[in-house]
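Okay, structure first, notes after.
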């Protein structure tokens, strides 16, 4: 009952009433659907089957990746772009995230922007998932590299981006450089970026401090590390675990691991150890009445659950 | 009784008629929602589809206003917009002195501010645009009355709304499109009829990673709605906007239900010549049990009328000799109800009977201290036309890559003059949402973007429709207890100024 109520408050009428079949559930049916089970009409509504050539995700090379987390998000791969699927809140958060990224980059490195939006900067999206952050940043003109440890995610993200002509080159290849790899490998390859985005990933890695260290290593001098994550407070437990997972089922139970959450102070410390100085901190709150995420200031009151933090590498590089 | 006031505040408008061209053209045959691959190959041989970020079907006031709003928004500088209109968008309004179109609408202050932001308001300020600053609404059964503005109010100088011919507004919007604008590039497909709207459906690609080795052709055909024009031209839409009126083909394409009912009334519009001695700055509305009759000022000596009445009478009214019609309109505003029933149901000497009815009423019952509407002298030839009165609301305003605005999304009883204003509210909200989406790198057709539009408009529009419908119901009876309560309520409301101010804000489009 309460779930229904909150959904009513949090979504528009139309959102609730949308019939599944009127929408494109891009990646259904699931790969396990054998041809004999598939419907008679081969031209069914928007159905692309993304095959799954490797049932087990490749073992990531080093330690910050948590294998159980990779498996968890591989299972999510098919539903990344389902408007009513488990990523719904993340989709809704995307506008707030991208707005903050655009403003933060404009404020902190205006000299590198050459045109509108984010033109002129090379951005890394760590843990790109279905690619909705990468797509938005690419539309704003950034040169985007999206990496994910789960191969299914990279396939889903590539297939989805290719459907948008504005994200396709003339030769039909994808404008976004999606790679099935890890931040560690990029570091080994000596890749450098103007902006490294680690959005909604810190709470899923095995060793947060090491992860921040690695991301920092990918920064050019005077470049930005942008993190979006969840603080470890009673409020965040209530909101992200109890409410979002168990009571309202916005996201699947087990999506979040409270023990892995970092407070803003802890994150500032990790960044500082990696040679990255905090330049911005903003709280992010879900407004169930308006049905949208709102970016607050950086006070302790607003950063009690979800928050954004930006850090800048020093002039000599990390 | 604050809610009672809400719908009283705006005079009727003829927004229903603004989409007459689309009413006429659409009796759609069922277009196939999918074609097999070989059919695709055949049709794509003629020409490749052109991609647009926004394709607006319908160049009525709502559709053209949306194109104009996108064109002036600098955030949308790289956005490509197509506006498809079946009639001629560039036809100039006649503007013959002394002749007025019967297609006029009332524009509330919100809509006027929108026109100002588009930079077209000054061009609309002519002697053919009439502001009204006063409003008299009264009940024929109980004698209850509400007057605007409140006598002591500081609001008195502000216009309640402006009455403008639809053709003039349309021409102003088209002028905006032909300027050089900082925002979206709008391409107009003028006099272009829509032959079909399709969504290609991807064949399943079993055993092959999507996208691998297929390249451009494969993905081009995916998922975006495609509008086929009668010229053979095909346009693909990242976002397809249905501004194509009550019988919207876009809505049918998107498989969205249109709920509602037809009222047991029909409307009749007419352009009237009225007593030139009257300053004519008041909107008049009298609730008769058969429906409200309203008179809106067009210019000194000219008014526009809409009379909602029984289907039988609505059929007769446009055919009556002008003098008889004029007499009946005067009687509908001035005579006692039994008189009016008598006049409309018998073969009588209308003129003599109506004058006699007014003479025998004691002045206190007849008009007393209340202001009188100007006497109607004549009706403009060819200006009388009946139209149906309906209430409809779309089950939803958005689906993936489709959004509905204006009459395609909702139809409302014209008694409060809200129809076109609601549509312009939709247009402003959608333009804001699309501007924000582009700034945040969003996909304009994505359901997550469009839901912001739907959630800002759906409930307020539904509420407005409901309030107007409740008024229609409330005033459609002359049963004594309800009629008495109604008039007592109107008088109480009239005496209570704070509530009147809230009602005024609702009517001006600033409360919701």
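Cβ atoms here come from the backbone N, Cα and C positions, even for glycine.
Any TrEMBL annotation is an automated prediction that lacks curation.
Secondary structure from DSSP puts residue A:127 (S-adenosyl-L-methionine binding site) in coil. Feature annotation from TrEMBL assigns S-adenosyl-L-methionine binding site to A:97, A:127, A:148, A:199.
The feature Mg(2+) binding site is assigned by TrEMBL to A:200, A:203, A:204. Look at residue A:204 (Mg(2+) binding site): DSSP puts it in a helix.
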Exercise for the section: Mind giving me a neighbour count for residue A:97 (S-adenosyl-L-methionine binding site)? Other Cβ atoms within 10 Å of its Cβ, every protein chain shown. Expected result: 25
Exercise for the section: For residue A:200 (Mg(2+) binding site) and residue A:97 (S-adenosyl-L-methionine binding site), determine the Cα separation and express it in whole Å. Expected result: 10
Fill in the blank from the handout: Integer Å value for the Cα distance linking residue A:97 (S-adenosyl-L-methionine binding site) with residue A:203 (Mg(2+) binding site) is 17
Exercise for the section: Could you measure the widest C-alpha to C-alpha distance across A:97, A:127, A:148, A:199, the residues recorded as binding S-adenosyl-L-methionine, and give it to a whole number of angstrom? Expected result: 19
Fill in the blank from the handout: With neighbours defined as other CB atoms within 10 A, the best-packed of the binding-site residues A:148, A:200, A:203 is A:148
Fill in the blank from the handout: Ordered by sequence, the long-range same-chain Cβ contacts of residue A:199 (S-adenosyl-L-methionine binding site) under 8 Å (at least 6 apart) are A:97, A:125, A:127, A:133, A:226, A:227, A:228
Fill in the blank from the handout: Sparsest Cβ environment (other Cβ within 10 Å) among binding-site residues A:127, A:204 belongs to A:204
Practice task
Measuring Cα to Cα, tell me the gap between residue A:148 (S-adenosyl-L-methionine binding site) and residue A:204 (Mg(2+) binding site) in whole angstrom.
Solution key: 13
